[in-house]
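Taken straight from TrEMBL:
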type: REGION; residues: 1-46; note: region 'Disordered'
type: DOMAIN; residues: 79-143; note: domain 'Cryptic loci regulator 2 N-terminal'
type: COMPBIAS; residues: 381-392; note: compositional bias 'Low complexity'
type: REGION; residues: 381-403; note: region 'Disordered'
type: DOMAIN; residues: 410-562; note: domain 'Cryptic loci regulator 2 C-terminal'
Amino acid sequence: MGRDIGASFQTPKDVVTIAFPRSDGTASRRPDQPPTPTDGSVNFFRPVSSREPAHARWRHEVAMRMALHVPSLDKSKKYILAAFPDDYELFDHTKGSRDNPRHDLYLWGSKTVTKFRSVNEFVPHAIWLYNHNTAANCGCRYCSNAKGQGEISQQYGLPSHLRLEAAPVTIRRIVRPALAPAPEQRAASQRDADLRGAVAATRRYRIGEVAWCQIEPPLASPDPNVFIRWWPAIVREVRLKSTATGRKSVPGSAAEYVVRQSHVYKMQLLGVLYHYTVPEEMMLPYLAYAPDPDLLATLREGKAPVPLSEDLRELAYFFPMPTPKPTHFPDLEENSTLRQGSWEDALAPYGLALQVAAYITTFWCFTDEWEFKAKASKSSALPAPSASTSAAGESEVIPSPRRPQSEWRYQGAWWGNERIWMDDLVRLHPYRDQIPLDELLPESEGADTRTLFMLVTGMFITHTNDRHKGKIAGLLYELAPEGWKDPTPSKSPSKNVVIEKDFAVADQPLSSPLRRAVPTIPGQPPLQYGLPAPPRGFVFRLITPPGFEVILDIAMVAGRYYSDLLESPAGHLRLQELHFDKLGIPGAEELVNQADLEPVLSLGGLAASFGSKMGCQEWKRTRQAMLTSADTLSREALYTLFTNSDVKTEDPMLID
Ligand SMILES: [Zn+2]
C-alpha cells in the first residue's frame, strides 16, 4: 500500500494456480464513490484489472499464505490464485494530491465482510472458502465466532486469527486525581526507569519481557535456507555497559577515548537452562520475528530424545551457543552434562521454547494497584463514561450507580510478552476508522494504513453483570506526515460526551491541551515523560479532543511501540531477512512478502498493527503464574505431540 501499488511485480515462474470451489461474493458489495474534493485533490475508488501487476501480487501473496495452512497444498511450491472468488473485486483507493496520490488496495465483494484491507486479513477467509468440505466456521477477524484459541493453533507460535470481541469505545472528560499523595501509593520502581528508557530511546527491553536473542553464528541445518538465529528468552537483568570505542587526539591535550554507553541484558533462554548475556543490538522484540515456513516444517519433523520424561527435562541441557561458560548455568543439576549436540538435537528444545513464548502471549494481568481519588468538586464523583456503538455494532453502557469518589487503578500490566505502564505510548490494533467516535479529529492522509496509538492515562477493571473487563483509558494519537495541516476545523465534542460542568478540571484552562489532559499518579507532575520519537517523516497527532480521554477494552492493545527499532542493527538485520531492500526493484521484488513485512514495520508505527499483536485472552494473577502456566502447558502439549507422532493424522499447523 502507499504511493506504489506494485507496478513492478512479476508473476514467478512455475507457478501453480489455485481456484476457489465456492464464493460468498455478491456484485452489490462495492465501495461508494466519495464526493469529489473541492480543493483540487483526488479521492476515488478504481477497480484494479486482473492484468495489472498489483492484482497479480495480491493473488500470489494470498495463495502463498494459504499454502502454509492448507494440508492439501504443497508448501514447497509457488502458488497464485487463478482469480479472486466470484463477484469479488480489488479496488485501488486513490486519494491525495493529483500529481502524487496514494494508492490503497481493498478487496470488496464478500456478503458478510464489508472489505478486506490486506492480504493478511483475507487469508483466513480465503482458506475457509477453499476448504468447502468442512463445516467449520470462517476464522477471519470479521466472521469468526470462535473466542478460544485452540492449542493446535499455538503449535510452534502460529499467529491466530481471532475476532475482535465486541468491545465498546467510550469517551469521557478527564478527572484529575486529588493532589495529596497517600503515603502508601508510590510509583512502581521499574516504571520510571522503563518509561525514561522508552522516551529517550536508550533502553528498548524491560525486565520480565520475552524477546528474541540472536544466536551467532546461527545453528545451521543441512539445508542452507533453514537455520536458527533467534531464540526466545526472558529478560532477567539489565546492565549499563561503557565501551571505549576509539581514541581521538585533541590538539594540546592528552589522547581521549570515546566512551559509548549501551545496555546488555542477562537473558534466560526459554526451554533450556541457559543464561546468556547479550547486547541490545542482538535482540528483537517478540513480535518482530516469527519462524519462517521452512523452519517450522523442519521443526515438525524433529524427534525428541529417547527416553523422554513427561516434563521433557531431557531438553533442558541443550545449549545453542558455541562456547558456553560454566558460570552461566546456575540451575544446572549435579551430574548433568551440557551438550551442544547436533542440529537434530536443537529441534525439540527450540520447539519447546517457541511454544512457551507463544503461550505467554495469551496471558495478561494488571499490576501495581493504587487508589485513584477524584479531585474534590461540587459533585464529588467520577464522571460516568458515555456509551457508544462498538466496532461490532453492539453498545454497552458502563453504569456507575453509586457515583464512587475513588476507584482502584493500576500502574502497569503484563501484556503477553511485554510490560506496559501508565504513561506508555502503546500500539492499538484496530484501524483508525474502527474507533467509532465522532469526536475524534478527521483522519490525516494515510493514517488508516499506519498504527493507531494510545498514551495510557489509566488502567482499571469494570464489573458489569458479574463480568469483569480490563479497560484502558488514554489519549489517541495517529501518525501524520510531517508538516500536515488540518484542512477543516476540528469538530467540538458533542454526541457521546458527558459534560460534567461541576468538575474542577473544566475550570482550569492550561496553555497546552496535552498537558491538561494527562493525569498522573498522585504527587507527580503531569506529562512527566512525554512521547517517544515518531518515525522519520511523521509527527504524532493528538486526535482526542482536549480534556478528554478514550476508554477501550484492553483487548484492543496490540503491544509496545519501538521508536528506533527499524533503524537499529537488529531491526536492519530483520528487515534484511524479509528482503525489505528488494522493494521496488524489478525482478527482485517477488521475494518481498508484504504480509510478513507489515507486522515488523508496525512495531515502528509504519503499518497498521492488526497483524502484529499479542493474543492475550486469559487473566493470570501474577507474571510468575503466566510463566509457570506457559511452561507447564507447553510441556504437556509437546509431550503429547512427541509421543503420539506415529498416530498423528492431522497437520498440527492447521488453524481451524
Ligand atoms: Zn471470514
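From the backbone N, Cα and C atoms, a Cβ is placed for every residue, glycine too.
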On the DSSP side of things, how many residues of the domain 'Cryptic loci regulator 2 N-terminal' (79-143) fall into helix, strand and coil, could you say?
12 helix, 21 strand, 32 coil
Within the region 'Disordered' (1-46), how many residues are helix, strand or coil going by DSSP?
0 helix, 11 strand, 35 coil
Averaging the per-residue pLDDT over the domain 'Cryptic loci regulator 2 C-terminal' (410-562), what integer do you get?
75
